[in-house]
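Trainee: Quick one: the structure is below, and I'll ask about it shortly.
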Amino acid sequence: MKRIGVLTSGGDAPGMNAAIRAVVRTAVYNKVEVYGIKRGFSGLLEEDIEPLNVYSVADIIHRGGTILRSSRSEYFKTDAGQKKAIQVLEEFNIDSLIVIGGDGSFKGARALSNKGVNTISLPGTIDNDIGCTDYSIGFDTALNTALDAIGKIRDTTSSHNRVNVVEVMGRDCGEIALFAGLAGGAESILVPERDYDLDAISDKLLRGKDRGKLHSIIVLAEGVGNFEDFCKKIEEKTGVSTRGTNLGYIQRGGSPTAFDRILASRMGYMAVNLLLDGKTNRVIGIRDNKYLDMDTNEALEIKKEFDMEAYRIADVLSI
Ligand code: F6P
């Protein structure tokens with residue numbers, strides 16, 4: 001192997017820095033040079049690249065965001081963009097690339113792999129929407145951020161005898177909503193993977209109110225719709241004072257949890273070792289508590305399975 005490049009791409013996620021640190025330190029330990037590519041594939045095309053060493057990644061394991069920064073590049077998706085990327089990698093003598101991001105980033109890595117670059121991809125997204133892994137880097141932190149906010153919202157919701165609709169991130173995937181809702185004791189959880197029944201949700205709220213319940217929390221994934229519209233619907237149907245909160249980008253930031261730091265450290269370490277073993281076009285994941293790697297084509301074919309059991313449990317427990 002000549003030289004490793006590392007980049008973060010797509011929406012950032014807490015723990016990406018811990019992954020970069022693990023990649024750099026494992027490479028240095030093995031006497032392999034490593035270069036940081038800034039702003040994802042856009043930075044690659046613009047030659048925004050610099051060498052990294054043990055000191056470049058000091059004091060970052062606990063930091064949110066990504067020191068390499070991130071972007072989404074439309075031009076990179078074209079054949080011309082990918083040819084240009086290959087040219088730049090050759091200029092910098094980089095023959096191996098570690099990509100940290102979501103499935104869009106995996107597709108980018110696969111395209112470069114098909115053009116001869118050794119690539120390893122790590123799942124990094126708060127959405128946890130990647131089928132080949134039970135957990136992606138950043139999900140646990142985002143989940144805990146959402147849970148902390150739900151706890152605070154619950155306090156004021158009880159004081160005022162209200163309903164509060166909490167919108168969390170997740171355009172196509174309800175993982176944050178499902179697990180923040182389950183852990184936060186939400187009365188209803190709305191996810192893009194399942195249709196919802198407004199009458200049933202309203203009846204449940206009114207039943208709870210009749211029993212003397214002081215508050216109701218509804219967790220809504222952004223892919224289902226806007227929280228303000230949903231608040232209006234609930235208030236109209238039930239007559240109960242309803243407020244809403246969009247947690248927004250606070251879910252993407254913050255210091256990573258221990259879980260995310262460990263996941264990122266192990267995956268970053270594994271990525272370099274796979275390259276040292278001559279592997280390419282692989283995605284790393286964790287399934288049933290075991291770390292694994294698989295072919296990128298295979299990984300991209302796997303659809304995230306919706307955890308119906310967790311969804312049912314949350315429903316039963318919020319009777
Ligand atoms: O990181 C994933 C995600 O947060 C989605 O849940 C959300 O829809 C999207 O990214 C928004 O990202 P941006 O505004 O940066 O495009």
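Glycine is treated like the rest: Cβ placed from N, Cα and C.
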Trainee: In TrEMBL, the ATP site includes ARG72, SER73, GLY102, ASP103, GLY104, SER105. Which of GLY11, GLY15, GLY36, GLY151 does it also list there?
Mentor: GLY11
Trainee: From ARG63, ARG154, ARG252, grab the residue that TrEMBL records in the same ADP site as ARG21, ALA22, VAL23, VAL24, ARG25, GLY185, ALA186, GLU187, ARG211, LYS213, LEU214, HIS215.
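Mentor: For the ADP site that includes ARG21, ALA22, VAL23, VAL24, ARG25, GLY185, ALA186, GLU187, ARG211, LYS213, LEU214, HIS215, TrEMBL also lists ARG154.
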Trainee: So which of VAL23, ASP103, THR125, ASP127, MET169, ARG171, listed as binding-site residues, have a Cβ under 6 Å from an atom of ligand 1?
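Mentor: Among VAL23, ASP103, THR125, ASP127, MET169, ARG171, near ligand 1: THR125, ASP127, MET169, ARG171.
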Trainee: Using a 10 Å cut-off on CB atoms, tell me which of the binding-site residues ARG21, ARG25, LYS213, HIS215, ARG252 is the least crowded.
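Mentor: Counting other Cβ atoms within 10 Å of each of the binding-site residues ARG21, ARG25, LYS213, HIS215, ARG252 gives the minimum at LYS213.
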Trainee: Taking Cα atoms as reference points, rank the binding-site residues ARG72, ASP103, GLY104, ARG252 by distance from GLY185 (ADP binding site) and give the first.
Mentor: ARG252
Trainee: From the binding-site residues ARG21, THR125, LYS213, HIS215, ARG252, pick the residue whose C-alpha lies nearest to the C-alpha of ARG72 (ATP binding site).
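Mentor: With Cα distances computed to ARG72 (ATP binding site), the winner among ARG21, THR125, LYS213, HIS215, ARG252 is THR125.
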Trainee: At a 10 A cut-off on CB-CB distances, which of the binding-site residues GLY102, GLY104 has the highest count?
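Mentor: Ranked by Cβ atoms within 10 Å, first place goes to GLY102.
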Trainee: Looking at the binding-site residues ARG21, THR125, ASP127, ARG243, which ones sit with their CA no more than 10 Å from the CA of ASP103 (ATP binding site)?
Mentor: THR125
